[in-house]
Amino acid sequence: MSGPLPPRRSSDRGPPPEVPGLRALTSLVAGVVVIVALYFGRAVLMPITLAVLLSFVLAPFATSLRRAGLGHVPSVIAAVLVALCVLAATSVLIGAQVAQLAGDLPRYEAAVERKAKTLHEETIGRADALLRRATAALRHIARTPEPPSTDDRSANSSDRPPMPVEVLEPRPSSFQLVQRFVAPVVSPLATAGIVAVVAIFILLQREDLRDRLIRLFGVRDLHRTTTAMDEAARRLSRYFLVQVAVNASVGTLISIGLALIGVPGALLFGVITALLRFVPYVGAWIAALLAVILAAAIGPSWWMMIWTAIVFVAVELAAGQFVEPLLYGHSTGLSPFAVIIAAIFWGWIWGPVGLLLSTPLTLCLVTLGRHVERVAFLDVLFGNHPVLTPGENLYQRLLANDAPDALAQAATMLEKTSLEAWYDTVMLECLRLACDDVARGVVPPGQLTAVRTAALGVIGELAPAGSPSVAVAPRKRSKAEARRGPLNDTAHEAPDERAPVLCVKGRGEFDGLAATILVQLLQRRGIEVIAVSAERYLRRRGEEARISRDKVVCLVTLEWRESPPHLRNLVSRLQALSPDLVMGIAFAEDRNAARHSAQTQPEAAGPVKEPAIGSFAALADACAEVLRTRSMLNETGNGNGNAGAKGNQQIAKAL
């Protein structure tokens, strides 16, 4: 397969990295202002946020009632009233359970005192005895004089006993009693009322608010805005509904288990567990710690504490490792790091309410960052999808000279894809990034050699067991080639004239790696191949540079973008020596540039009319196709005279 050489570019150096300026400073100041506003405005913002999230939860329920024929306004009011009734019932249940547990505590006073006495004797008692013995030993070693007598001073003191003093508080009035008991309840009731009213209006004017948000973000990009809002609504609704269902189920199982064990307040601990599970990772274990402490204190033996811990561990592991991944689709869209940081941040800003709202609020921010470019860093920091492509990840590991980790990542991907597909996607992208960095001059020679060596090690580990190794006859190397390392002249080269495929690798820094991959893929197809350096055909003349017409010649280089003069000279000579030259590997953008150049400037392409092949698998298939075509022509007695033209036609059809 042949390809045009795009015109040489003067420089491929990328622009220098931007220095943070006024825009970065403005973003930083805006972020600080937002955090300060969230902290000092929590009394107003918390009820509004709760109302917005409650509207996401109740929206599917209200929609179902509306479709059932209840009407828009009645369905919204009914949904909010049901939510308020559930919250009120939960609050009453918690209060009743706390009161019952407090009333039953005197019955367990003896068990608590016995456990406390045992713990005191085993821990503090032993420490006190040891301390007393140490103090007595020190006093015996260093005796101190007796203090002076104070009889004279005592004689002068008064013998009158102290006068007792009693402070009597006035009896509170009826209004004060009512105020004392009602005041703690007023603030939660006021917050609940604000949340209910705001949620009702959000549900009633949901479409109008959606249109206003679209107008706020801009009507020029309706698709992106609509997609972001729909995704946020879908994620939040699914998250809350599934979380409520799972937490309620876990709380029910905990209550049943603790009741069977005999732990008092089993229903209370079930409700506490269901509520605290909204706090990610640590909420359920906080509830377990409280229940275990109570069981250890009041149980006649330590078995009640052990069985309580077993119940919590079994139920939580089953819910966290099996049920939630199945219902959530294995993820909420947030990384574990994001969940922990969000819990710390929102807990600091809004207290316990912030802990409960940390995950849904962060989920909204990540969804916003996925669709709004200016806050895309939120999706990068807190999202759970990989931020580096497999090719970028491989190149980063090679730059860090971490070949074992790069090989482990390759082995993981090869469990789901083939070796050829991995070479054409991951390794090819890695080579493109490496070539770009070399063109920009940002890779020092020592690191360049380390990258090539690590990459060759990974490729060698991926080679099939028992594959033959090919090496070229040694030749004298120039100083420039010596600095490039051993991969540009000796890897996979041998003077084996019986091999039907001749792989000619260019002068590029990573052309040796590309040739090594092609040799490996051809060997997997059962095709013998010899690999030689381009210097054989650039510096030699006559018989030394002749190529047998029986061989398929494949030029492997990654320098199509730069198109140096020596590459154009090499292509011209190889085309003159071989009628069916196969050329690769060209990156996607280079192939497009070559096609455009061939269409707009046909005279610039010279004798080459097609772009170079853009993948390792296609390059190996092209060589195999030429061999197959020649074999068919030889069998029909047509000889090799027309093998080149017909072979190229077969390759074009195959690709």
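Note that Cβ sites are derived from N, Cα and C of the backbone, with glycine treated the same way.
The compositional bias 'Basic and acidic residues' annotation in TrEMBL covers 479-494.
Here TrEMBL flags 141-166 (among others) as region 'Disordered'.
The annotation region 'Disordered' is assigned in TrEMBL to 466-494 (among others).
Marked as region 'Disordered' by TrEMBL: 635-655 (among others).
Here TrEMBL flags 21-40 (among others) as transmembrane segment.
Same-chain residues lying 6 or more positions outside the transmembrane segment (46-65) and placing a CB less than 8 Å from one of its CB atoms are 74-76, 78-80, 82-83, 191, 194-199, 202-203, 206, 233, 236-237, 240-241, 244, 350, 353, 357, 360-361. Annotation comment: TrEMBL describes 46-65 (among others) as transmembrane segment.
Marked as transmembrane segment by TrEMBL: 77-99 (among others).
The transmembrane segment feature in TrEMBL is assigned to 181-204 (among others).
Note on the transmembrane segment (239-272): residues 53, 56-57, 60, 90, 93-94, 97-98, 100-101, 104, 108, 278, 284, 287, 290-291, 294-295, 298, 304, 307-308, 311-312, 315-316, 319, 323-324, 327-328, 332, 359-360, 363 of its chain, located 6 or more positions outside it, place their CB under 8 angstroms from a CB of the stretch. Per TrEMBL, the feature transmembrane segment maps to 239-272 (among others).
The transmembrane segment annotation in TrEMBL covers 278-298 (among others).
Residues annotated as transmembrane segment in TrEMBL: 305-323 (among others).
With a cut-off of 8 Å between Cβ atoms, the residues of this chain six or more beyond the transmembrane segment (335-368) that come close are 35, 38-39, 42, 46, 49-50, 53, 56, 228, 231-232, 235-236, 239-240, 275, 278-283, 375, 378-379, 381-384. Under the heading transmembrane segment, TrEMBL lists 335-368 (among others).
Remark: the transmembrane segment (77-99) makes no contact with the transmembrane segment (21-40), by the rule of 3 or more CB pairs under 8 A. Tertiary proximity for the transmembrane segment (181-204) is limited to same-chain residues at least six positions away from its ends with a CB under 8 Å from its CB atoms, namely 46-48, 50-52, 54-55, 58-59, 62, 72-73, 76-77, 79-80, 83-84, 87.
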